[in-house]
Amino acid sequence: NMNGPKHKLCTKLSSTYLRKWWITIAIGTILIIGGVLVACQFTSLINAVIDRTIALREGTKTFGWWAKPPVEPRISLYVYNVTNADDFLSNGSKAIVDEVGPYVYSEVWEKVNIVQNDNGTLSYNLRKIYKFREDLSAGPEDDVVIVPNIPMLSATSQSKHAARFLRLAMASIMDILKIKPFVQVSVGQLLWGYEDPLLKLAKDVVPKEQKLPYEEFGLLYGKNGTSSDRVTVFTGVDDIKHYGIIDRFNGRTHLPHWTTDECNRLDGTDGSIFPPHIEKTRILEVYDKDLCRLLPLVFEKEVMTANEVPAYRFTPPEWVFADVETRPENMCYCPAGKPSCSPNGLFNVSLCQYDSPIMLSFPHFYLADDSLRTQVEGISPPVKENHQFFFDVQPKMGTTLRVSARIQINLAVSQVFDIKQVANFPDIIFPILWFEEGIGGLPDEVTNLMRFAETIPPKIRVCLIVVLFALGVALLVLSTFCLIRNSHRQSTLHLEGSNYLATAQVDMNKKQNKDNAPGNQ
């Protein structure tokens with residue numbers, strides 16, 4: 001009977017001991033499962049946090065950065081100054097140009113009149129303020145240059161297919177107003193506007209509904225201030241895949257200019273932000289009113305930007321301004337059929353420029369036929385590092401870290417024999433100027449956050465996986481070892497106990513036999 005309570009106590013201790021190790025096994029298993037979940041789901045969790053952080057919610061830091069970017073964009077302009085205008089017109093010599101610049105302006109960007117809409121979008125107007133930076137420029141704004149007379153040459157080129165008497169009348173008017181094919185203006189006037197006699201006349205003569213919106217001519221005329229264009233973009237709160245994408249531009253969902261809906265799309269971004277989690281295979285799209293279309297950007301290479309934030313460089317593909325022979329898809333940008341198509345490397349934006357025959361290209365005719373560059377003398381061959389258009393984008397957050405938007409403005413002049421002032425001006429794509437607009441980098445506050453988002457979560461993920469797996473495996477090994485050891489000890493104790501009882505029984509029997517012997521009776 002003495003063995004009963006002892007045996008129960010041993011069993012109790014043994015079961016508590018076992019339970020403890022079974023719990024340890026369960027904890028170890030849970031830790032390993034946790035490690036597997038972290039390995040599979042941690043990145044998705046971080047992405048969800050990023051998506052929530054960057055979505056445009058009023059009052060957040062991201063919203064503040066978007067509305068008033070903490071950067072100082074700059075635009076640097078290089079003008080093609082014509083050095084032999086008289087010789088070119090009278091003797092048919094090749095035009096000689098001298099590239100002067102840069103003339104640098106710092107910019108302040110701000111989105112104003114911001115209104116939240118019910119469909120997960122925001123509407124705003126963009127304010128751009130330009131300030132001349134003589135300290136960064138090649139000379140003052142009042143440097144004088146000689147350039148083609150864009151209003152005049154636009155009018156004469158447009159009149160090529162009009163009635164002959166109109167062209168002759170135009171020649172007489174130009175005689176009276178002393179209008180010449182080249183003008184001598186300051187850089188400031190060329191950019192911000194000078195009074196043009198032809199525009200002034202047009203304002204008085206042209207019917208009200210066809211009137212041009214200004215009587216001065218300047219390549220950046222009316223751009224210093226708040227734009228009247230109303231832009232509506234998706235906030236990304238409802239769907240991060242649409243983050244920053246333009247929903248409407250002045251109420252329109254498509255442009256009115258081109259021949260297909262695909263080419264009239266304007267559902268790109270303004271270039272400052274893109275939907276996050278960018279893969280190298282994605283084509284980014286930027287809409288700018290002056291480009292008159294969506295500009296596609298394709299991945300070129302990985303780059304390292306300031307503060308060691310890695311980025312993907314996206315640049316327009318070589319086919320973006322290709323002729324229709326090279327890329328038939330570009331046929332939609334020929335509104336009047338094949339004769340209206342641009343030569344290789346040029347893009348006709350006349351429909352966005354009051355029918356002025358303005359052609360855009362990349363600087364120095366980069367990615368265009370070299371014959372365009374050699375139509376005039378004085379333009380050096382293009383160099384990718386100096387003339388390429390690119391965006392450096394942080395792929396996780398979709399934020400533009402560095403951008404250099406480089407574009408050249410050219411005038412497509414048509415020879416018109418009936419107008420004596422331009423009778424000797426040949427059919428030519430005449431370069432006017434080129435510019436690069438962009439930002440060199442973001443402030444430390446922003447890049448530090450991006451570097452954190454880029455580098456810290458992967459390290460945390462690896463640490464968590466290692467710690468959870470190591471702890472889980474350690475606990476499993478330890479508990480399994482202890483259980484095996486315990487079961488071995490239990491069987492040994494059982495055997496020892498059995499032997500002890502057997503020996504005790506033998507002794508007892510011996511004693512009883514002794515007591516029952518006849519001699520003791």
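Even glycines carry a Cβ here, placed using N, Cα and C.
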As recorded in TrEMBL, which of Cys352, Cys463, Cys482 forms the disulphide with Cys292 = Cys352
As recorded in TrEMBL, which of Cys263, Cys341, Cys463 forms the disulphide with Cys332 = Cys263
Could you pull out which residues elsewhere in the chain have a CB under 8 Å from any CB of the transmembrane segment (464-484), counting only those six or more residues past its ends?
-> 18, 21-22, 24-25, 27-32, 34-35, 38-39, 42
Going by Cα-Cα distance, pick out whichever of the disulfide-bonded residues Cys263, Cys332, Cys334, Cys341 is nearest to Cys292 (disulfide bond).
-> Cys263
Would you list, in sequence order, the disulfide-bonded residues among Cys263, Cys332, Cys352 whose CA lies within 10 Å of the CA of Cys341 (disulfide bond)?
-> Cys332
Per 10 Å Cβ neighbour count, which of the disulfide-bonded residues Cys292, Cys332, Cys341 ranks highest?
-> Cys292
Between Cys334 (disulfide bond) and Cys263 (disulfide bond), what C-alpha distance do you get in Å?
-> 11
Rounded inter-Cα distance in Å - Cys352 (disulfide bond), Cys263 (disulfide bond) | 14
Cys263 (disulfide bond) CB neighbourhood, other CB atoms within 10 A = 18
Cβ neighbour count (within 10 Å, all chains shown) around Cys334 (disulfide bond) = 17
